[in-house]
């Protein structure tokens, strides 16, 4: 089973990297970009029997730091 | 009785030797060097230090991989028993990732790696690590980090303030840290994480000796305990 975990900074947590990229986009002349926030994608290939709880546990314990990050688990089949 | 300390080395630690030299200079006995893959800590430790560096190449997040290494389970147990644990720079990141300390260390607000000596204000002089300092004393300690931007939510920050768990603040915020926080203590006061490097300020040849007070204070406190 292919899994994609999207890790993003929580709202309210400053993202200096995103801000720098935002400025760079403006520097390239792109208009109308309100905000840029950078996250991380983790792709996993796991046994089909892997439970939702186990996937959530992986995110909580390692893939995301829940002090600053949210995560979303997508099953790609 | 000889002071028994340990310095933990992770793959990518690079300040472990500096830490060991500082501890030996202050205590007169060489610390035990412990590898991250070891399953056990030496018995009867008085002090554990997690050094700076780039453990596991900062993969995933700074300190995240090291926080899950075998020796960390033992360090969590030792900290729970009250053994003093000092984490400097990457060591602080590891302690935060291991949830021994609240909050997280994010990329510096400037995006730049900063490497210079900064002024810190000592906020807590009750803890084992900081009791050698005067209240409000300003000290000069080097920083060298890319991910030192301390973040915790407002509720946690208020709690840290109320409980006197902010050990050091930057006099001039160099990395974007919430409330200028440079070092925090755990609830029991036996775990300190700080981004600045006290082990790089223990000899006049370093340009200052303000870090010496931290190690000497801890040692004195432990000797009289």
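Going from the start of the chain as shown, residues are counted 1 onward.
Cβ atoms are placed via backbone N, Cα and C, with glycine included.
Remember, TrEMBL labels are computer predictions, not curated facts.
These numbers come from a predicted model, not from an experiment.
Listed features, source TrEMBL:
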- B:89: active site, nucleophile (ACT_SITE)
- B:197: active site (ACT_SITE)
- B:199: active site (ACT_SITE)
Near-A candidates in B:89, B:197, B:199, the active-site residues, by Cβ under 8 Å: none
For residue B:197 (active site), the number of other Cβ atoms found within 10 Å of its own Cβ: 25
Same chain, 6+ residues apart, C-beta under 8 Å of the C-beta of the residue listed as 'active site, nucleophile', given in sequence order: B:15, B:51, B:52, B:53, B:143, B:144, B:145, B:148, B:194, B:195, B:196, B:197
Neighbourhood of residue B:199 (active site), C-beta criterion under 8 angstroms, separation at least six: B:15, B:18, B:19, B:21, B:22, B:23, B:51, B:88, B:211, B:215
In three-state DSSP terms, the structure that residue B:199 (active site) belongs to: helix
